[in-house]
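TrEMBL has this to say about the protein:
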{"type": "BINDING", "residues": "LYS66, LYS90, SER344", "note": "substrate binding site"}
{"type": "ACT_SITE", "residues": "LYS102", "note": "active site, proton donor"}
{"type": "SITE", "residues": "ASP142", "note": "site 'Important for catalysis'"}
{"type": "BINDING", "residues": "THR185, ASN216", "note": "NAD(+) binding site"}
Amino acid sequence: MNALVATNRNFKLAARLLGLDSKLEKSLLIPFREIKVECTIPKDDGTLASFVGFRVQHDNARGPMKGGIRYHPEVDPDEVNALAQLMTWKTAVANIPYGGAKGGIGCDPGKLSISELERLTRVFTQKLHDLIGIHTDVPAPDMGTGPQTMAWILDEYSKFHGYSPAVVTGKPTDLGGSLGRDAATGRGVLFATEALLKEHGKTISGQKFVIQGFGNVGSWAAQLIHEKGGKVVAVSDITGAIKNSKGIDIPSLLKHAKENKGVKGFHGGDSIDPKSILVEECDILIPAALGGVINRENANDIKAKFIIEAANHPTDPEADEILSKKGVVILPDIYANSGGVTVSYFEWVQNIQGFMWDEEKVNDELKTYMTKGFKDVKEMCKTHNCELRMGAFTLGVNRVARATVLRGWEA
């Protein structure tokens, strides 16, 4: 099931539980604005190349819209719509004053030189500069983009509007990026896991973890869990997968992965089939890679008691049902991976104030938000007698619906 169908389904279930009227429900689903632009740039060899750029701005009832910009050859409009909508609910669950957006350019960043990527980013910004802004829509990095991309957007936007560091987040620290932003999603996953385990009378220490994905989120989560005494027994990424039932030495693995661009060939564990990673023996499974990886084919074989969704949409609805019948507790993506957007919010706040925080303050504030977020989700679970995913969706949808009604926007 694709991401849009699943997100719409979750939204509709939440709307039903909340008893929203059908007009309001319909207006909450329709995006505020969808933008499509042609970006033509001279390539290094002098020829011209055209790319399609777009931005879906889903909802701004609770504040400026927020979401990533991805550079990827197959940018599917449905997926972008789903991710923009997901950002609306995610920012509401985290209780930060934003709505959702998402965007990108259909290109293969690996096939473009640095100067071509810079020209493309600047042309994209020229086309969008009137439609984004500090109090309108604040982009961030996503697949195929990073701090450098944000620096180019900031510079190009500032040519039109004066120096505006708060127009994007995920910037280099030299241009007003926040300390702690790099580790934020992984650290949020740690705080979310701690909150869930506490509810069940457990701590991170001594639990066995399996982590699928060893990019930014997976590697930070692994490192922080390891520091807290958790045993990471298997890890995979696009290069391969490794397992060590006594616990992988994470600092050594991080060093290996950095030097060899992946976990493959690491000597501190046995090589296993990456496809089997999700069904390895463990207490806690953390999918931190792609969407749709837990489905009806493998759900029955999953041995974990807890699943923490660090990736966006890793669990199909069919798998959701199978797992909840088995008594597996799933901490949903719209809460579990909201550490990144929460620290993006802190970055925006620091830029607006022109006053930067130290890393300890960033991490302390993040812990406060993640802990409070879990409590709020649990409250909704009690009120509506539902599991965590619906608890999070009803929480997010309810906050957006209330803001919409209070502003007098309902149809």
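The backbone N, Cα and C atoms fix where each Cβ goes, glycine too.
Just so you know, TrEMBL annotations are computer predictions that nobody has curated.
Recorded residues ASN216 (NAD(+) binding site) and ASP142 (site 'Important for catalysis') have their alpha carbons 11 Å apart, per Cα-Cα distance. Within 10 Å of ASP142 (site 'Important for catalysis'), judged by CA to CA distance, lie the following recorded positions from the set LYS66, LYS90, LYS102, THR185, SER344: LYS102. Within 8 Å of the centroid defined by the CB atoms of LYS66, LYS90, SER344, the record's substrate site, lie the Cβ atoms of GLY67, MET87, THR91, ALA94, ILE96, TYR98, GLY100, ALA140, SER338, GLY340, VAL341, THR342, TYR345, excluding the listed residues themselves.
Distance noted between the C-alpha atoms of SER344 (substrate binding site) and THR185 (NAD(+) binding site) is 10 Å. Listed in sequence order, the binding-site residues from LYS66, LYS90, THR185 having a Cα within 10 Å of the Cα of the residue listed as 'active site, proton donor' are LYS66. Between the farthest pair of Cα atoms in the substrate binding residues (LYS66, LYS90, SER344), the distance is 13 Å. A straight line from the CA of LYS66 (substrate binding site) to the CA of THR185 (NAD(+) binding site) spans 16 Å. Each residue contributes its Cα atom, and for LYS90 (substrate binding site) and THR185 (NAD(+) binding site) these two points are 13 Å apart. Counting other Cβ atoms within 10 Å of each Cβ, the binding-site residues THR185, ASN216, SER344 show the lowest value at ASN216.
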